[in-house]
Amino acid sequence: MAIQRTFSIIKPDATRRNLTGAINAKIEAAGLRIVAQKRIHMTPAQAGQFYAVHKERPFYGELCEFMASAPVVVQVLEGENAIAKYREVMGATDPAAADAGTIRKEFALSKGENSVHGSDAPETAAEEIAYFFAGIELVG
Ligand code: ATP
Ligand code: MG
């Protein structure tokens, strides 16, 4: 498997509880390198565009409001098989179903307020990285 990049968000429930460092420690312990990172506060419209794929889902409004409710940390992670590896490190969407030791098992509050986002495929990773980062910010 080649070196890949994936896109990550440390969500408002986690930044509010001062968990950025604890989450980054798990990311780095898994062998993923944080090659770009910044703290931003999205507007509901920016969150809505990011999660546009979920527009028809009943939780879309709540999700956009939540993502704009406090600052988030957006990141680019790099490593061997990074997309699948980060999803493993995150754990299942619903923390009640997440494996022991995963970020969501340890830190998530609910299915909605679940501490982190990670891309689900190479195409979405590339799109999500380009939405938040300029090429000049990706220094490896
Ligand atoms: P993410 O895309 O954030 O990495 P995911 O891929 O595990 O998470 P998706 O199915 O893509 O999960 O859902 C996107 C996000 O929408 C979830 O992370 C969660 O914050 C929210 N969400 C998903 N299902 C629900 C639900 N039933 N109720 C409330 N919020 C939900
Ligand atoms: Mg998803």
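We count from 1, first residue shown onward.
Heads up, the Cβ atoms here are built off N, Cα and C, so glycines get one too.
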Which of Lys11, Lys26 belongs with Phe59, Arg87, Thr93, Arg104, Asn114 in the ATP site listed by TrEMBL: Lys11
Site extent for ATP, whole Å (max Cα pair distance, Lys11, Phe59, Arg87, Thr93, Arg104, Asn114): 21
Recorded positions near ligand 1 among Lys11, Thr93, Arg104, His117 (Cβ under 6 Å): Thr93, His117
In the chain carrying Arg87 (ATP binding site), residues 6 or more apart in sequence that have Cβ under 8 angstroms from it: Gly118, Asp120
Neighbourhood of His117 (active site, pros-phosphohistidine intermediate), C-beta criterion under 8 angstroms, separation at least six: Phe7, Ser8, Ile9, Lys11
Conformational class of Phe59 (ATP binding site) under the three-state DSSP mapping: coil
